[in-house]
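Visitor: Not my notes, these are from Swiss-Prot:
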- 3-40: repeat 'HEAT 1' (REPEAT)
- 373-410: repeat 'HEAT 8' (REPEAT)
- 411-448: repeat 'HEAT 9' (REPEAT)
- 488-528: repeat 'HEAT 10' (REPEAT)
- 543-550: motif 'Nuclear localization signal 1' (MOTIF)
- 588-625: repeat 'HEAT 11' (REPEAT)
- 663-700: repeat 'HEAT 12' (REPEAT)
- 714-751: repeat 'HEAT 13' (REPEAT)
- 752-790: repeat 'HEAT 14' (REPEAT)
- 847-854: motif 'Nuclear localization signal 2' (MOTIF)
- 848-885: repeat 'HEAT 15' (REPEAT)
- 916-953: repeat 'HEAT 16' (REPEAT)
- 1121-1154: repeat 'HEAT 17' (REPEAT)
- 1155-1192: repeat 'HEAT 18' (REPEAT)
- 1348-1410: region 'Disordered' (REGION)
Amino acid sequence: MEKTPTQIVSELCSRLLQLSRPNKDSLVKLLREVANTLSKIDQPSATNKEKGLKLIEAELRPLKKSIIKHALLKNRDNDVSLLVTVCVSELFRILAPHLPFEDEYLRDIFTLFIAEFSELSDTVSPYFSKRAKILETVSRLKFCLLMLDEDCQDLVHEMFNMFFSLVREHHQQSLINQKSMKTQQRKANTQQTQHSLFNNILAIMSDVLEEEANSSFVVVILENLVKEGEDTTSGADKLASSLIERCADRLEPLICSFLTSCFMEKDSIQTNLKDSYHEIIFKISLIAPQMLLAVIPKLTQELLTDQVDVRIKALNLAGRIFAQPKHCLSSYVETYQDLYAEFLRRFSDKSAEVRMAALKCGKQCYFANPSGNKASGVLTAIQERLLDFDDRVRTQALIVACDIMKFNMKYVPLNLISEASERLRDKKISVRKKALQKLTEVYQDYCDKCSEGDMTITDNFEQIPCKILLLCCEKNCEEFRSQNLELVLSDDLFPRLLPVEERMRHWVQCFAIMNHIHLKSLNSILSQKRRLQNELRHCLTLWRKAKVDNIEEAQRKKKSYFVKLSACFPDASEAEDLFEKLDRMRDASIFDVLTLLLEELSSTNAQIIKEKFLKMIGVKHSLFEFLRILSTKCSPSIFSSEHVQCLLNQLCGSTSANTQLKAPSIKLLLVILNMFPSYLRGSEKQFLKLLEENDSAADELIVVLSKAAPYISVNFGDYYPVLEKVCLEGTRSQTKCAVSAISSLAGSSEKSVFSELCEMLMDSLLCGRNIPTTLQSLACVGQYSVLEYDNIYEDITSYIYRVFQAEPSDNQLPCDQSSGCCNSCKLKIYGLKTLVKSFLPRHGQVVRKIDDLLNILKKTLKSQGHDGIKSCEDTGANVRLAAAKAVLLLSRKWDLHISPEVFRLTILMAKDSNAFITKTFLTKLYKLLTEHMIPSRYACAFSFSLSSPCRDLHDDSFRYINGFINKATRESRTCRDLDQGESLTDSPVYMTVFLIHVLAHDPEFPSEDCRDEHIYARFCGPLFSVLQVLLSINNNGFTIKETAPFLFCIFRAIKRAEDAVDSRKTPRLHILADIGYSAVNILNSIVVTSPQAPRSILLPSSLYSLTSITDNQNKAKSRTRNALEQSFIERIVHIFQSQISMHDQRCQKDSLAVGSEDKVLPPLLGNQIETSITGSTEASQNNTRCSRKRTHLGEHISCNSLSLRTVESEIPIKKLERHTTCAKESVKASVSNKITSSKHSGVVSALKDISNHGEAIIGQRIKLLSPTDGCFYPGTVEKFNSKSNSHKIIFDNGDVELVCLDSESWETLSHESMGQQERLGKETESYGSRNCVPEISHTLAKVTAQKQTTTTKQQNKKVPAKLNPPAVPCFMMSAKSKKGNSDSGEGSVSEVTDTSDNIGPRRSRRQRIS
């Protein structure tokens, strides 16, 4: 009979009992048989279970005894220990619920089990399955509860720690795989499903926690929950998470208590977990968010704490919580609502660090739930931070916004795109740089999605390129110059593989929303690219020539090219060095590739050439990066012929996509072809079709055609009919472009086309068909074909003369209500333009006389209906405006032929009664001046509107004249710095020469007997206004130190000159010069001397002249009678000065005066002067002795090509004596004339060598020469200082100075000549002698002496009486030579007007003694 398993176990164990000391082999053999047999024993059936258990227990008792007898529970051998553990576990399984061992042995059994469990980490061990079986048995029998019953808490803790240490990720994966297998095989084999190792461990630990959960277990679990280590395969955190999820109810109070302690009593916690409680909260929120309901309010409070670091940590935790999938917190929305609200408030936290942390958290929240309820709030908060006052926060907000746009581009809010794009205009450079980087990445993704069909083109994303173009407007950052932005448009804006068609779709949409500033920026980038390509072509040509003939001239040219080329690179200095290095390399292959790129018109082919080239030179090449940039810049990388062809195909195609995009498409086409007309090559037929179909853009297209003519191959006969039709029937602007295109396209064989065109145009003109267009066509023909135009010139002129003589109809209404100009006046204007353009040819020279045209212009400018010229009373101003503009345009080439009268009439257009006419004239004038299209003398016109009562005209004029002065001054200084000579005629100050002459011939000049200072103040308003602007301290042009002396020189020269146009107006010139001098003295609040003040000045001979000495002496007396008293002049100036003060006060009250540059001058020409002068006006400036500083006579330069002639003479000038009075008395001036002979013994004398005089001349009377005014001043030598080699001189007027006589011009005075020299000091012939030799009271002299400062001395320089004539004949006046000789100016070709008489307040460079 076969034995039962229990009997076999009993026999085997009985044999084991008989052994006293069994060896390992026999022991292992027996135990293995026992273990295998025990696995076959099952528990008895439930019907008779108790009886069956007792029988089995009796049969297995030998096993129990043998284990105890041989102390197998404590055996250290691994094999024996494992087999004993298996046998014990099987005993517990078979006899359950009865215990097979007594309590005293249970602890050893627990220890044995734990020891075997620790070996479970060795998954490759052959015994792993046996140990896993033991674990499964322990789990199923809830054996761990027995450990708790036996008070083996330490063993339980040890087991917990051991489980956490041995569990691995693949254990849990095994569980997942088994669950999947269960689902698939549930019906096949549901009885034999085995629990995984992870699940068994989890069951054991869960049973323990459900039975007895305490804080010690919680600490172990939480430690493993947030455990971080190098072992990435550890599954301790997953095990802890599973425990918390399974035993949430039991662990919740303990965990909440622990977390609350971390919030409230963090220092009292002894475990390291106190620093990881945020991580614990986050992990629990993922698995059991309901456990944190009591903890969340504490976290909300942390967001409100004062510590920044605490707020940041709490914010990061809240962000991670809300970044979970939306289903995690769906059941607890209300509980977490307060936390979410406070989380959003942290986006506007007072700390920048907190706001930046909030932005990062907001990004993760949006990524987790882009369509959730919380997403909109997060996006709004992020958008608001784009306007944060801290640039770091704005940068972070920009990064987050761009990442969000890339993540969810299709549904991102449009406002967020716009706000992010605005960061390209941020005030911080760092923000703009980051915005450029991130937004180009966004735009690339957007272009890819549009190309793939996932998105449609939208204006919001197309704003990005527009905003990038605006970076060109930045003047304070080199990174955003056009040199860098060209590379952005070439390489970074579009994906590299994006097709040309897709790129053009985006460009067209961009042009649909671009404004003029965007276009200007794009044009600047393209023009720089074109400039580099042109310069590089020249340089490559020179490089090839240099191979054969490398001369110094070639090197100089190359250096010039390198400077120009390097200016197109981000770092110009570095690029210049690299160009020189490339030159030294002499690599012909590089030059050949660059030539290919310059000649290539296709961007696709250019990209292939560029990639092959860069691959050829290699990344390790020393110039790789430089050549990469250079190859990009010289290739058609932004636009190409392919872009042009694509545009033309879209515009000419029958299935035009969108008519609204037609206009921007044409605009884009014009921008490309205007910069690169060669790109039209290959698309000539499509362009011709477009030209025939688009009347609205015909003029621009024709301009492009004329530019592209040298680069394209066309049949002239195909284009001529279209252009001819435009010349006959088009608009005036189209006609202008059409004639230009005909000239460009017509070859040598087609030059006769202009003859045929002229015949057709004359027939159209005489028949009265489309006269404005016909006149424009004829004018343009005259510019491009002078010979053909000369054949019909007489016919055109006679027709236009008849137009001017025609009577306007009384009932004729204006055909253009906006301009208010009738047809008759319009026709006159068109006729003027036709004649004027014919004298400004683009090709060839005009041999016709211009006198007739200038005569018409003069008559038109004078008045209506003069000499047969008829105009409407209401619209004649438009004709006068056209005539004035015509004079301005003609002055480019015909300025020498423009008479002073025509010049004056043109200038007076600035004071026309029609404000619109005046404003239009000034705008045109300023444009021509800034472009250097006309002589600078016309700038004096601004002074008339500068003193206009119309506020708008005044403001415009002030802006215009400031712009002109600043630009002219910079250019004048540049010439001076480059040693190109210095001439006062180049200075903006020189405009006063022409202004004074215009005023002198003004019919409104006050009468000779007028002594009303208000009338003079109103009339001289233009002069006062321009002087005020010129003497502005903050003017970017000349400073006062330079301006005031130059003005003095001008007024002195005018005082010595006569009116060349009408000698009867000479007294007016002198009166204006007197007023101007006094105005400078009063307006100039700083007493200055300038080492650069010229002694002589050029005056235009067409306006000013000199007569002989005898005539001057005969006329001096009569001119003196016509002169104004000094006190009257001062009252005139003070009226103007009071107006400035009143104006400044009003500006301050209205908070309008922001700075000195914003000050505007009060209107003086109108009827708004309300000044009351009671009594007399005090002199605004004390007189001092004339400065004795010598100035160098500069180079003679002609003025604006004006014909100047020379006469040398000494003109006697009136002497004005100023006396000091009390404030309540009137200032009286006595006028006297003194004719001083040129041989006056005291005026000029030879210099003496007095280097060794020392104390020998103490007490003697001497006279010192002032080099500025040529005056000698008498005085007495009081003492001598041997250390400084200087003498103390007491002058007769009370001044005391220390003088080094070694460097001065002086003479001793004999007793006979003493009185004569004193008279000389009082009666000098120089103009403004009232300032050269002041006669003041002792008190005033004392006050003046106290105001003087110590300055350095300067060596005297001899001034020649006669200089070599300049290239252009000049009129100049010369003072007497130092030897007293005076030359007659009759036969001299060129002389100098000596203005050495200092009419300004003097300041000596010697040391003044109080």
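Every residue gets a Cβ built from N, Cα and C, even glycine.
Show me how these features fit into the shown structure, please.
Guide: Averaged across the repeat 'HEAT 1' (3-40), pLDDT for the predicted model comes to 81.
Counting same-chain residues at least six beyond the ends of the repeat 'HEAT 9' (411-448), those with a Cβ under 8 angstroms from any Cβ of the stretch are 370-371, 379, 382-383, 386-387, 391, 394-395, 398-399, 401-402, 404-405, 455, 458, 460-461, 463-465, 467-468, 470-471, 474, 476-477, 479-480, 488, 492-495, 498, 502-503, 506.
Below 8 angstroms of C-beta separation, residues 436, 440, 443-444, 447-448, 450-451, 457, 459, 462-463, 465-466, 468-473, 482, 568, 603-604, 632-633, 637-640, 642-643, 646-647, 650, 660-661, 663-665, 667-668, 671-672, 675-676 of the same chain, each at least six residues beyond the ends of the repeat 'HEAT 10' (488-528), sit close to that stretch.
Within the chain carrying the repeat 'HEAT 11' (588-625), a Cβ under 8 angstroms from the stretch's Cβ atoms is held by residues 500, 533, 536-537, 540, 543-544, 578, 581-582, 631-632, 634-637, 639-643, 678-679, 681-682, all 6 or more beyond its ends.
Listed by sequence, the residues of this chain that lie at least six past the ends of the repeat 'HEAT 12' (663-700) yet keep a Cβ under 8 A from its Cβ atoms are 504, 507-509, 511-512, 514, 519, 522-523, 526-527, 529-530, 601, 636, 639-641, 643-645, 647-652, 707-708, 710-714, 718-719, 722, 726, 730-731, 733-734, 736-737.
Within the chain carrying the repeat 'HEAT 13' (714-751), a Cβ under 8 angstroms from the stretch's Cβ atoms is held by residues 684, 688, 691-692, 698-700, 702-703, 705-707, 757, 760-761, 764, 769-770, 772-774, 776-777, 780-781, 783-785, 830, 843, all 6 or more beyond its ends.
Distant neighbours of the repeat 'HEAT 14' (752-790): 720, 724, 727-732, 735-736, 738-740, 742-743, 746, 796, 799, 826-827, 830-831, 833-838, 840-848; these residues of the same chain sit at least 6 beyond its ends, with a Cβ under 8 Å from one of its Cβ atoms.
Counting only same-chain residues 6+ beyond the ends of the motif 'Nuclear localization signal 2' (847-854), those with a CB under 8 A from a CB of the stretch are 790, 793, 797, 835-836, 838-839, 890, 894, 897-899, 902.
Sorting the repeat 'HEAT 16' (916-953) by DSSP state (H, G, I as helix; E, B as strand; all else coil) yields 29 helix, 0 strand, 9 coil.
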Visitor: With a Cβ cut-off under 8 Å, give me the same-chain residues at least six positions beyond the ends of the repeat 'HEAT 1' (3-40) that come close to it.
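Guide: Cβ under 8 Å, 6 or more out: 56, 59-63, 65-66, 69-70, 72, 77, 79-80, 83-84, 86-87, 90-91, 94.
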Visitor: Using DSSP, break the repeat 'HEAT 12' (663-700) down into helix, strand and coil residues and give each count.
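Guide: Across the repeat 'HEAT 12' (663-700), DSSP assigns the residues as follows: 30 helix, 0 strand, 8 coil.
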